[in-house]
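Following: one structure in structure tokens, then a few remarks.
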Ligand SMILES: CC(=O)N[C@H]1[C@@H](OP(=O)(O)OP(=O)(O)OC[C@H]2O[C@@H](n3ccc(=O)[nH]c3=O)[C@H](O)[C@@H]2O)O[C@H](CO)[C@@H](O)[C@@H]1O
Ligand SMILES: C=C(OP(=O)(O)O)C(=O)O
């Protein structure tokens, strides 16, 4: 198990390249199941989750391999298995994204139920209800979703709560399902929009992506595609937090600002500034850390995936901040670890009250989930002395070469094998 060793405090300068989006790449890889032609995705980040999705596709008898650099090649012409085993699904919840495509392509799916995880229970009841609505018979047997769909037909699907991967599963299934499917209270996240754009290039008929009602007119066949994945707004936001907490000016290449309004607003409210250099480059400057109120919400609200990183920054604010987490019931696992670094944080229900302190001191801390890990790295950059972040395999699920990118900005951070 690797750990990070950080010697702080750091001052950063230079350029960081923002990789392709994990949460856009994963559904697009699953969408390759929908066609028997080649799919080439570019700008796919080198991450553990991407490797897991590739392994899962190979298990289904698709071909999946990384080409040069950031391209992934997938060909599902030989797909002949509908089985997504627990061994893979337990390591990555996003495996549930093969559910919709398998049903549409093979008329059956046998997909392990993802377990709970550190941030919450994360049920998939809405995915299952949606597939039933499209006409599938779905049972839960021995921890698996077992679904058959002799005759799928377009339907109106209403989500009680907008679910990102649920919306993506329905989009993919409906693209190959006879008739019109209307998704109401759909997720509007940019990654959903990017998936819809890819599906349209494949020949899908979709209207309304990015709005709360999406209409899909099913087609009988989808083509292969070559598609460039959007850049990762959460990675870009994480670098914004690194610049705030270290009071540094850095340049970001390929940050998808068009999808980052809520993050940029908070960055500026806390005390950052942004200057556009050209179409692909921005300069971000962390000047001071003012206390703020943050409430996570579905897009275009403030993303839950940025909550932990902003909390790390606010531990050093000039006053008291409040963060309310409304998406996941247990996404404050980083708090106890930030307290080990000297932070003053109280939790009451789904609210955290963060009293800014004058400084943080290095300590050994434990990463518990992906974004919690990132928040500990950010805090470690500002903490005085040595911070060890254990269990960074969580971080490797979703950040490409974070330690290399931070080192090249001047941080003293090393990956150490234990
Ligand atoms: C691979 C991927 O894209 N992951 C993202 C996706 O996760 P994911 O798609 O799993 O998250 P959802 O949007 O589904 O979850 C939103 C809320 O709906 C609830 N819910 C969801 C489905 C369901 O069947 N029943 C149900 O109750 C969840 O428990 C949660 O409270 O969106 C989350 C919210 O922006 C992000 O944090 C994740 O990074
Ligand atoms: C929670 C996240 O991912 P996943 O849904 O893949 O667990 C995340 O990206 O912060």
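Just so it is clear, glycine is given a Cβ too, placed from its N, Cα and C backbone atoms.
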Per TrEMBL, 93, 305 bind UDP-N-acetyl-alpha-D-glucosamine; matching candidate in 277, 282, 327: 327
Maximum Cα-Cα separation in Å among residues 93, 305, 327, which the record lists as binding UDP-N-acetyl-alpha-D-glucosamine: 16
Among 22, 93, the one of these binding-site residues whose Cβ has the fewest neighbouring Cβ atoms within 10 Å: 93
Overall pLDDT for the domain 'Enolpyruvate transferase' (7-406), taken as the rounded mean: 97
Listed binding-site residues with Cβ under 6 Å from ligand 2, out of 93, 305, 327: 93, 305
